[in-house]
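Enquirer: Once you've had a glance at the structure underneath, I'll fire off some questions.
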Amino acid sequence: MSYWNVDKIKYVGTGEKKSGLGFQYYNPDEVVGGKKMRDWLRFAVAYWHTFDQRLVDPFGDGTAIRPYDKYTDPMDQALAKVDAAFEFYDKLGVDFLCFHDRDLAPEGDTLRETNRNLDKVVDKIVENQKTSGMKVLWNTSNLFTNPRFVEGAGTSPYADIFAYSAAQLKHSLEIGKRVGSENYVFWGGREGYESLWNTDMKREQEHAAKLFHMAKDYANEIGFDAQMLLEPKPKEPTTHQYDFDAATTIAFMKEYGLDKDFKLNLEGNHANLAGHTYQHEIRVAREAGLLGSLDANQGDKLIGWDIDEYPSNLYETTAAMTEVVENGSIGPRGGLNFDAKPRRSSFEPNDLFYGHIVGMDSFAAGLRVAVAMKNDGVLDDIVKNRYSSFDSGIGADIESGKASMADLENYSLDKTQKDLRDATHSDHLEEIKDTINHYIIQTLK
Ligand code: XUL
Ligand code: CO
């Protein structure tokens, strides 16, 4: 039985496209910058957006038409979805999937019943992995949808909710081990506050850190050696999320001794909500040695919430992939997970293929441009030259610590206005942007 009415998606290149369903830039086994494209990009399909999302918005019901809708019993539908999902991965040509525990199976009345439902679906995933070779980039625990998490999970003011969260998480880690997840993600869906008037911020953050430590300790105990990742987001759903952005999350990790075992999973739309570019977030993580993995999506500059649009902005993917190429990889076990969904008006099954194709092609294009710029050392020279006054003389003495403040005073006291004006140089930023445009246009034509 076939769920999706398409053939396997092929690389067709940038010539005349015969059908809309083809990759123009993503050619998985082509070697670019010393590695196969599939190994640079390690694309993953997100179970929640792709197979569960009904395309609701706050004003309207779901519009999605999905090939397993005919199964009305929740467990029958959950099992059919696994087959549909693995056919989708095969036709799209991705190597990885990602999921939350609750994406897979309906909850029962107790955690025991819920785990039983979940285990049945995971059994089927494991069977499908054996025949397809599909790998799990990461799994995670949904500790935010059910009303019990209304005031948080690890940061809930209620001990029973913390306990339940830990119990749910324990099983999710066991599942991670079963499916061989390369990473394990924590996005703090409700881990923030609505109002400071009733919040003990310090106590909540200590609790969150305790839950992360417990998770890592338990993973070690069962021999689940996934890279642990925290995913920053500044707001939505709570007014203020504790893992606001990369820099805030790194400070939290350092304060609570988590920076040895945890890295970051960074998302484009989350970066924008924090007032940053995706490139900024990736740079902050990479320079701290904490870049773990990436959630691929884009926001809309005119909308102030998380719309999880499939990435299509080539300038932004070029910027993100420039950081990745500079880093040598996305992260030790990182990949690009499409935390993205079609617009509500793109409700047909095939829109899921188009969404992933534009996303995969956009990052593949970004990779090609970033590698071309790297090969020509375009940015290397720009950055190196800008700081070259620190390579010798007084600059080298400042960096080495040889120069004291008194030395710098001596050095500066008689410099004239003109001397100092001459010490600065134009950044030629417009020329740099013109060069980047040139590489995008030339590489992608
Ligand atoms: C929410 C979000 C999540 C995480 C996984 O904005 O990004 O889907 O990626 O829980
Ligand atoms: Co995400």
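A Cβ is built for glycine as well, from the same backbone N, Cα and C atoms used for every other residue.
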Enquirer: Can you find which of Asp245, Asp295, Asp361 TrEMBL lists as binding Mg(2+) 1 at the same site as Glu231, Glu267, Asp339?
Expert: Asp295
Enquirer: Given the recorded positions His100, His270, which one is most crowded in terms of C-beta atoms within 10 angstroms?
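Expert: Highest number of other Cβ atoms within 10 Å: His270.
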Enquirer: Of the recorded positions His100, Glu267, His270, Asp295, Asp306, Asp339, which ones put their CB under 6 Å from ligand 2?
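Expert: Correct list: Glu267, Asp295, Asp339.
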Enquirer: For Glu231 (Mg(2+) 1 binding site) and His270 (Mg(2+) 2 binding site), determine the Cα separation and express it in whole Å.
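Expert: Glu231 (Mg(2+) 1 binding site) to His270 (Mg(2+) 2 binding site), Cα-Cα distance: 9 Å.
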Enquirer: Name the residues of the same chain, 6+ apart in sequence, whose Cβ is under 8 Å from the Cβ of Glu267 (Mg(2+) 1 binding site)?
Expert: Glu231, Pro232, Lys233, Tyr278, Leu294, Asp295, Ala296, Asn297, Asp339
Enquirer: For Asp308 (Mg(2+) 2 binding site) and Asp103 (active site), determine the Cα separation and express it in whole Å.
Expert: 17
Enquirer: What is the total of other Cβ atoms whose distance to the Cβ of Asp295 (Mg(2+) 1 binding site) is within 10 Å?
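Expert: Asp295 (Mg(2+) 1 binding site): 27 neighbouring Cβ atoms within 10 Å.
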Enquirer: With the Cβ under 6 Å from ligand 1 as the test, give me the qualifying entries from the recorded positions Asp103, Asp295, Asp308, Asp339.
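Expert: Asp295, Asp339, in sequence order.
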